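Over in Swiss-Prot, the protein carries these features:
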BINDING   139, 142, 159, 162  Zn(2+) binding site
């Protein structure tokens with residue numbers, strides 16, 4: 001086996017690629033996280049999804065994660081990730097997939113509605129954190145861990161659950177289905 005991948009390693013890579021594709025990963029994520037060729041990944045994607053993968057650049061702005069709703073979802077995802085990283089072993093990509101599945105369970109919405117945080121954005125978030133573009137900070141009111149850009153790391157920090165913007169309150173009045181599905185009513189947030 002001089003320099004060749006074993007069959008078991010290749011099967012493991014295909015399983016990871018299949019898991020990523022089923023969770024909605026873009027080609028750039030697949031290419032970065034597996035050692036399979038682009039050609040094999042394209043073929044696998046088409047077999048699983050029935051269509052070619054979407055084209056275009058990956059999102060590359062930390063600003064998306066700072067918007068109130070996206071920040072809550074991204075922070076929840078990252079807190080789950082930190083917990084799993086502390087309590088379990090495995091490759092970082094396997095940890096990402098497991099975390100994302102748990103995130104989806106917590107944020108179950110209508111089956112036709114996309115989750116706020118897609119897998120590719122979750123992957124990008126972890127890369128931003130590794131690079132130091134984004135970090136985690138405790139809210140000075142509730143003590144919860146939230147992601148912030150490094151320029152906003154200064155004290156004090158108040159999360160958007162403790163101090164929701166008016167559009168968040170309007171959204172909760174339109175569809176009052178709970179804290180994680182959309183957002184809780186104002187009296188629940190202040191209790």
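All positions are counted from 1 along the displayed chain.
Quick reminder: no glycine exception, Cβ is built from N, Cα and C everywhere.
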Those binding-site residues listed as 139, 142, 159, 162, and which of them has the most Cβ atoms within 10 Å of its own Cβ: 159
Residue 159 (Zn(2+) binding site) in three-state DSSP notation: coil
Zn(2+) site shell beyond 139, 142, 159, 162, criterion: Cβ within 8 Å of Cβ centroid: 140, 141, 143, 144, 146, 158, 160, 161, 163
